[in-house]
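Remarks on the structure that follows.
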Amino acid sequence: MADSGNPNENNPSTDTGVNDAVSTSHGDASASYDASAITVLEGLDAVRKRPGMYIGSTGERGLHHLVQEVVDNSVDEALAGHADTIDVTILPDGGVRVVDNGRGIPVGIVPSEGKPAVEVVLTVLHAGGKFGGGGYAVSGGLHGVGVSVVNALSTRVAVEVKTDGYRWTQEYKLGVPTASLARHEATEETGTTVTFWADGDIFETTDYSFETLSRRFQEMAFLNKGLKINLTDERESAKATAGADEAGEDEKHEVKSVSYHYEGGIVDFVTYLNSRKGELVHPTVIDLEAEDKDKSLSLEVAMQWNGGYTEGVYSFANIIHTHEGGTHEEGFRAALTSLINKYARDKKLLREKDDNLTGDDIREGLTAIISVKLAEPQFEGQTKTKLGNTEVKTFVQKVVYEHLTDWLDRNPNEAADIIRKGIQAAHARVAARKARDLTRRKGLLESASLPGKLSDCQSNDPTKCEIFIVEGDSAGGSAKSGRNPQYQAILPIRGKILNVEKARIDRILQNQEIQAMISAFGTGVHEDFDIEKLRYHKIILMADADVDGQHINTLLLTFLFRFMRPLVESGHVYLSRPPLYKIKWGRDDFEYAYSDRERDALIEMGRQAGKRIREDSVQRFKGLGEMNAEELRITTMDQEHRVLGQVTLDDAAQADDLFSVLMGEDVEARRAFIQRNAKDVRFLDI
């Protein structure tokens, strides 16, 4: 979540970021990986001047992208069958060390450069084993580009390679070698260690998020069967967290670490995602693998239906999450829809007069992982995360149809349960359509007939308009008085909306508060959703800064994630951050604090400046309704001063899992989540 604006401080601008770029090569994975396999395309000069072109941003996302680039190289070694363990360590001084047990970056001289291959890989853009075709058959990330970019954007890089019977080292400063490659003692071990320190003059922050890295590494471990990825945080802050809930002194010196290793690969991934979904429709995960060696194309699919109402199909190409789908997803969906309908009719589960099940009916409650690996992927779409290779659709459709036909024939009882669930979804869809038709006739879902309680803005330019979703009439009244009516709309809602995690679409559309939001946004919902019709480019959830307020926000986010996900993916959803305290030094001298820590810091700074504070000088806001219109305007609504958190979606599978835990039926999973994360909560307002 990215913050912008603050009445008390200047924050860095919102980090927009872009998705990882991807490059791969064709060739025989068993081909030699030596200096001759390294090819050079262009120089590295521009990277420090325009880092955003290479890593997307210089904010948090770009910083974590550096780690990803180095780890991608190690994963390439695993994909080629030469590595099975990757160790990532966040060092006490903020550096990051990545170690793998692969073959080691070659140290021989690259003929065209007259330098050791490892130095070329680290100092020349687009120099890497994938481009010439001799090093990797399939690879993900930006191998070659990534490591040299990491070098260019770091104050210091140290590389250690074990290869050709020796240990070799070299160091770099601001992308330039400080000395020649040095050969050390003989060793039979192989592998590469890259340690780097991101440049604080380039990045807005050099503080890595353990959670962000661990989520991505867990996903990578799921997608690379048998690969072990260890993440360790040696920073003092992590040590303090690790021992914060322990009585003994020794525990305070523990480091924070996680290890991910899945022999079942994506089968374990599906099991993990479905473990929070409640009852399963069938006990075993359906899995299949296939390969077309002539086309350097392979496929893995794992899938299982649960008793929930939402679809969770996630696709990957060369381990890169294809957020926008593509030909592999199209092939999967086409095979699934045609086969399930054919099977249902052959087994008389669908009668002659019944309509075919739609793809949405069939995929209700389905959790599936589709992972393809190919030599030359073509990426399309707005964020270059949509696979475009036409040959992939044909391959996936044929393989899924054949394997799933066999599974259905061998498991007739489970097959019948799957189809019955699809039929129930179809009945709900028909009921929802009738409900939509009825509400459309009444004008309840149409933006042409806006909800009566909406205080709309005057502008018709969606890019400038924003809507505040405010809980409670009193807060809604203050918000109406404090808004800029030219660009700011207010929609008050009453109480907590329906928990959509536990309801089908037909029931959801009957909820008045949800009807009001759908109508106000103008996009439609679910299968009728059209983001081009969005009336406000900022949707701001404004709730009290207490537990009830956070619960309301979670309910709203669950609805938006499940039924209007493109709003979240496109960065249109924000959380307001109203202050918790008002500190009054005098009649016209006051400051706002957004946490207990900030309150204490402001009071201490005031005392040091000689300011006097009375006992009644610190006002605690228990709700938005306690603020007058002017206070709400200054702290929460004024675009120049407010603090907003942008809701971003870097990992849909992880977000899906989190919403299932927080809002689903599994009470034990929710309790375990709270216990596991309680030590990370510094200020709990109950």
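For all residues, glycine too, the Cβ spot is worked out from N, Cα and C.
Keep in mind that what you see is a predicted model, and the values were worked out from it rather than measured.
Features reported for this protein in Swiss-Prot:
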BINDING   GLU471, ASP544  Mg(2+) 1 binding site
BINDING   ASP544, ASP546  Mg(2+) 2 binding site
COMPBIAS  1-27  compositional bias 'Polar residues'
DOMAIN    465-579  domain 'Toprim'
REGION    1-29  region 'Disordered'
SITE      LYS496  site 'Interaction with DNA'
SITE      ASN499  site 'Interaction with DNA'
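Positions of Swiss-Prot features highlighted on the structure.
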residue	record	DSSP class
GLU471	Mg(2+) 1 binding site	strand
LYS496	site 'Interaction with DNA'	coil
ASP544	Mg(2+) 1 binding site	coil
Item to complete: State the Cα to Cα distance, in Å, between ASP544 (Mg(2+) 1 binding site) and ASN499 (site 'Interaction with DNA'), rounded to an integer.
Response: 19
Discussion item. DSSP on the domain 'Toprim' (465-579): how many residues come out helix, how many strand, how many coil?
Written reply: 55 helix, 21 strand, 39 coil
Response to the item:
CB neighbours within 10 A of ASN499 (site 'Interaction with DNA'), counting all protein chains shown, number 16
Worksheet item: Here are the binding-site residues: GLU471, ASP544. Which has the lowest count of other Cβ atoms within 10 Å?
Response: ASP544
Worksheet item: In sequence order, which same-chain residues at least six apart have a C-beta under 8 angstroms from LYS496 (site 'Interaction with DNA')?
Response: HIS551, ILE552, LEU555
Fill in: Pairwise Cα distance for ASN499 (site 'Interaction with DNA')/GLU471 (Mg(2+) 1 binding site) [Å, integer]
16
